[in-house]
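Visitor: Sharing the record's features from TrEMBL:
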type: BINDING; residues: 82, 87, 92; note: oxalate binding site
type: BINDING; residues: 85, 87, 92, 131; note: Mn(2+) binding site
type: DOMAIN; residues: 40-184; note: domain 'Cupin type-1'
């Protein structure tokens, strides 16, 4: 009999064998290395006119390397949306601090789970599943804080991935059971504004 060895693919942060990981160019650190000041801009700032995300992930905060955590603050003006997206390397735990949000995700059986969140509510988006957040309130902005179980959760925006890349228009038209003209209209609507 033969023995088959199956290796499971893991999409997450690897375990580290030290307390923390220093960048190659650093040998000696102090408390400053473990401090992120990038959220200070949020204190007493006026609400943004469009949806904004402020991240504290591995790219912005190198001390997170190997710690399997990251953070984001999401600011939703009235009527704004965080478009459908996924995080391939982490679940997301969202805490709503101000306003209200319509949130939801779709599982692998295509079942939609939605909820209207109020301040103080938490909602979990399972790892890798398509999800969204929408501030349906026409007058009140919303503020949410998201925690991730990865220092680099990754974000894949479905609208941008599908319609703002060079995927062939015919492939998209066939995939969405529509015509090339419709795909081109969608692409034009998502094109960066100059």
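The count begins at 1 with the first shown residue.
Glycine too: its Cβ is placed from the backbone N, Cα and C atoms.
Curation does not apply to TrEMBL; its annotations are automatic.
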Visitor: Determine which residues of this chain, when 85, 87, 92, 131 are set aside, have a Cβ within 8 Å of the centroid of the Mn(2+) site's Cβ atoms, and list them as they appear in the sequence.
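Guide: Here the non-site neighbours turn out to be 86, 105, 125, 129, 130, 153, 155.
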Visitor: May I have the DSSP-based helix, strand and coil counts for the residues of the domain 'Cupin type-1' (40-184)?
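Guide: Helix/strand/coil tally for the domain 'Cupin type-1' (40-184): 24 helix, 54 strand, 67 coil.
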Visitor: Round to a whole number and give the Cα-to-Cα distance in Å for the pair residue 87 (oxalate binding site) and residue 131 (Mn(2+) binding site).
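Guide: Cα-Cα, rounded: 9 Å.
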Visitor: Below 8 Å Cβ to Cβ and six or more residues apart, same chain only. Which residues does that give for residue 131 (Mn(2+) binding site)?
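Guide: Once residues fewer than 6 apart are set aside, residue 131 (Mn(2+) binding site) is near 84, 85, 86, 92, 103, 104, 105, 106, 125.
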Visitor: Would you count the other CB atoms within 10 A of the CB of residue 82 (oxalate binding site), including those on all shown protein chains?
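Guide: There are 23 such Cβ atoms around residue 82 (oxalate binding site).
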Visitor: Hey, for the oxalate site built from 82, 87, 92, who else sits with CB inside 8 A of the CB center?
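Guide: Surrounding the site, in chain order, are 72, 85, 86, 94, 125, 131, 133, 146, 148, 153, 155.
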Visitor: What is the one among the binding-site residues 85, 87 whose Cβ has the most other Cβ atoms less than or equal to 10 Å away?
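Guide: Max Cβ neighbours within 10 Å, all protein chains included: 87.
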Visitor: Hey, what's the Cβ neighbour count for residue 92 (oxalate binding site) at 10 Å?
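Guide: Around the Cβ of residue 92 (oxalate binding site), 25 other Cβ atoms lie within 10 Å.
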